Amino acid sequence: MAEPINVVVTGAAGQIAYSLLYQLAAGSVFGPEQPINLRLLDIPPMMEVLQGVVMELDDLALNLLREVTPTADPAVAFKDAAAAFLVGAMPRKQGMERKDLLSANVKIFKVQGEALDKFARKDVKVLVVGNPANTNALICSHYAPSIPKENFTAMTRLDQNRAQAALAARLSVQVDRVQNVIIWGNHSSTQYPDAHHALVHLPTGAKPVPEAVNDDAWLNGEFVEKIQKRGAAVIAARKMSSAMSAAKAAGDHMRDWWIGTRPGKWVSMGVVSDGSYGIPKDIVFSFPVTIKDHQFKIVQGLPINEFARAKLNATAKELEEERAEANSVLEQ
Ligand code: NAI
């Protein structure tokens, strides 16, 4: 069996981590042959809660799980890390402006970027889940200059999974029959869930989703809005944000990054823009990617119609605004 790898989960006493940790310990992300050491980072007031999580991890009695280290010290958490799930973030409190939230979180991701730079492996794979995820990933990468930019990603996989499930329901097929739906842009309500390049596998063969749905008004209207607002709908019903589905999506994202995508299939990830599709460079933008040997490649050459262009521009503009706000906080 392979040597254990160090896997960091921040926000480890929180609700997403609670669903994520079992997947990691059970081998459903890094594979059944890969033992792991878990480094659990949270803030000092959460250390007692974290002890309870550690007890439960012990009680899972799983072979793949070797050391478990709860800590409030980023230097301890990120030491020799091979993979990091940056879930911990300041939640939005009542009366808090978006800017206040951004300001609190940007500072957290600066500290964690610096710690990754100093202590983690140079090939560490970093997945940012904590919101605003795209801009947090950008800041984190900026403060970890010794680690390649390609090693920092933001999670839009939950949006992709939501979109895939919504299309499968609309077409009355199982969810794995739908592939290659894309999430473009920010993990926010400006994201563009795009089904125009997706395929559905029907008993009669593969068909483009727009042809199978045969209702462009729905695909460009109700479908897009449903995915953009799904997170808010879960909060309204549950009085808490999506946790089980967010944890599953984080596992999906990291597993594909670690193990690779299957031929002909692509997945969406927030990655540092290289200018593909005319998107400004130096923002973390969600693109369709394929992955091989731990490296992703942005899928090139998809036709972008006028409707899509406007959506891509709007979400890119929001990300540029977030970057400017983040920079102004960091300059203070
Ligand atoms: P939660 O509030 O249950 O847990 C967050 C944890 O982070 C808490 O234990 C808190 O103490 C910890 N934390 C705060 N500051 C920290 C720091 N500096 N270092 C380490 N830990 C720290 O929140 P939940 O539900 O687990 O969500 C976590 C984040 O994920 C939120 O920002 C949420 O908005 C985001 N999210 C992102 C999604 C996505 O699709 N990208 C989907 C759902 C949630």
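Positions of Cβ are set from backbone N, Cα and C atoms, glycine also.
The NAD(+) site in TrEMBL is built from D42, V129, G130, N131 plus one of N63, N105, N151, namely N105. The stretch that TrEMBL tags with coiled coil, taken from the ranges 249-276, 305-332, is 305-332. Using DSSP to sort the residues of the domain 'Lactate/malate dehydrogenase N-terminal' (6-152) gives these counts of helix, strand and coil: 68 helix, 29 strand, 50 coil. Within the same chain, residues 99, 102-103, 106-107, 110, 132, 134-135, 138-139, 184-186, 188, 190-192, 194, 196, 220, 224, 277-280, 282-285 sit at least 6 positions outside the coiled coil (305-332) and bring their C-beta atoms closer than 8 Å to a C-beta of that stretch. Among the recorded positions R92, V129, N131, R162, H187, the residues whose Cβ lies under 6 Å from any atom of ligand 1 are, in sequence order, V129, N131, H187. A straight line from the CA of D42 (NAD(+) binding site) to the CA of R92 (substrate binding site) spans 17 Å. Taking the Cα atom of each, H187 (active site, proton acceptor) and N131 (NAD(+) binding site) are about 8 angstrom apart.
Counting every protein chain shown, the Cβ of G130 (NAD(+) binding site) has 25 other Cβ atoms within 10 Å.
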